[in-house]
Every structure is written in structure tokens, then in C-alpha cells.
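Residues or ranges marked as region 'Disordered' by TrEMBL: 1-54. What TrEMBL lists as S-adenosyl-L-methionine binding site is GLY107, GLU130, ILE131, ASN169, ALA170, CYS189, THR267, GLU268, GLU269. Positions annotated as active site by TrEMBL: ASP192.
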Amino acid sequence: MSTEEAPATTPVDSTAALPETTADSPQGPPAKRQRTQKRTGQREAYWNDDSRKQAAKLPKKKFFRQRAHANVFSDHHLEYPLNPAAMDWSPHYPALPDKKVEIADIGCGFGGLLMALSPIFPDTLSLGMEIRSSVSQYVHEKIDALRLQEKEKDPKSMAYENIAVLRMNAMKFLPNFFERGQLSKMFFCFPDPHFKQRKFKARIISPTLLSEYGFVLRPGGIIYTITDVEDLHNWMRKHLEEHPLFERLSPEEEENDICVKTMYEATEEGKKVARNKGSKFVACFRRKADPVWE
């Protein structure tokens, strides 16, 4: 078609009034947009303020909120060592560079259990593992702030030097970080229940994953589980009971284990369940000794 034959086009009036925003429009009411913009500005200002990291101030949880669930099958652009020997732990435990991690909190959330375990096991390294970036960043900054606060009181203090957090996917990369039999305790506190049956494959306790946990957990080591979802409790208990590497602790052992009481009370999710007067279901299992092969 020649230029002369081309149809005329209608110019766009950039000054035309936009449709009026209503409560039902995708943009939402103006007041809500203003609140969102204000929160976003506050969050960016908080994150860009490097001075707070030097002032031993505890991070504010409201600036680290993130959706409760993450796709465990996604790549997430995570960094992980080729094998445990290639992992450099010194940046995470600078005051204790020669020790190895023995306690793992899988899906540590905002780190309540991790902070509580620190004085209970002062000579043992504990590691929190969390897949959500903002949440793991919160735990990291809180640990740094707690360390600085204790150093201000006593320059020789070793408080909180034995805990750290890593952003990682334990379902994929646990053997990349830990040697065979390295861990003595593993915690699974209020894991994602994944209610839909098609999502059961994403549950943190499964026969395949239990074999990996049995690999990194030493004989006599303990797996601790707690949840407020009875169906998930029954799922985890069933698979642990059926796995040849694990045996259930007796009621007396669970009752007298300080770790059970700690995870029952210290986690943020556990505190929320208590406020809502919900139920908590606990099951703990010991790693059996390796079989003797003829």
C-alpha cells in the first residue's frame, strides 16, 4: 500500500483524563496506594541505611516480611559448595573457625529457636537454614546485632558466636554442606504443611529425604519435629516410624529433653499458636546405629 493510500491514524491525546480510580479498580483506592508507597519508601530507606548495621540495633521484623511459602523446586539462584570440604564457614563463625556445625534448624524462619539454642549449647555450632531471602537476611542481621550488643558489655564475650544462618534449600543441597554423620540434632519446626495432595512431594519429611537426613545425622542423633497441623504430624511420624534408620524416643525421653521444651516455646510460629490457643504436636526420633554388614 502506498503512502497516499495509507489510512489516517488518530493521534493519542496524552492529556486526556485517566479513568477515575475506584475501590474495585486494579489500582485500588488512592488511600491504599499511598499507604503502600509509604511502606515501600520506609522499607527502602531502612534497607539502604548502613549505619544501623554498625549501631548494634536489632532489625525490625516489619521490614523483612515475606510470603510464608516458597517454591522449593525453583532455582532461587542459591550458592552452595561442591562438597562439604569446599565450604568456608569462617565468615559465619569468625570466633570459632575450627569447629564444625552439629545442630541444624531446617527452615528456621525468623530464628527464634536458633537464638534460644545458643546459650543452651555454648560450645556447639548451630546453623539455621532458610530459603526466603528477606527472612534469612533478618536472622543474619539480628545475630550480628546480638553479637555486637554482647561485645559492648564484655569485649571477651562469645555470646551468639556459635549460631549463624544460611539462605539455602535443604531439600536439594543438604549433603553439599554436611559430611556423613556430622550433625547431632536436626529440627523441623512448624514446616509448610502443603495441604493439597499434589503438593505432598514438597513436604520436608519424606522417605527419600529421610535417607539424606540419616546420612548427615550421626548414630544417636535426634530429629525433632513439631507442628500445629495434626495431619502433617501423623504424616511425619508415619514416615519416620517406617524408615529403617530411625526409632521414636520414649515419652519420658521427649518430656525430659530440654530441646523439646525449647522448640515448644521459642519459635515465633509456636508463640503464635500459643496465642491462638492452638495445639502443638511433637515427635522425636533417634538415628539408629549403622547395620553391621557381613
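The backbone N, Cα and C atoms fix where each Cβ goes, and this holds for glycine too.
Checking Cα-Cα distances from ASP192 (active site) against the binding-site residues (GLY107, ILE131, ALA170, THR267, GLU269) with a 10 Å cut-off leaves GLY107, in sequence order.
Cβ crowding, taken as the number of other Cβ atoms within 10 Å, peaks at GLU269 among the recorded positions ASP192, GLU269. Of all Cβ atoms in the shown protein chains, 25 besides its own fall within 10 Å of the Cβ of THR267 (S-adenosyl-L-methionine binding site). Once the Cα atoms of GLY107, GLU130, ILE131, ASN169, ALA170, CYS189, THR267, GLU268, GLU269, the listed binders of S-adenosyl-L-methionine, are compared pairwise, the greatest separation found is 20 Å.
Around ALA170 (S-adenosyl-L-methionine binding site), the C-beta neighbours below 8 angstroms that are at least 6 residues distant in the chain are ALA104, ILE106, GLY107, MET129, ILE131, ILE204.
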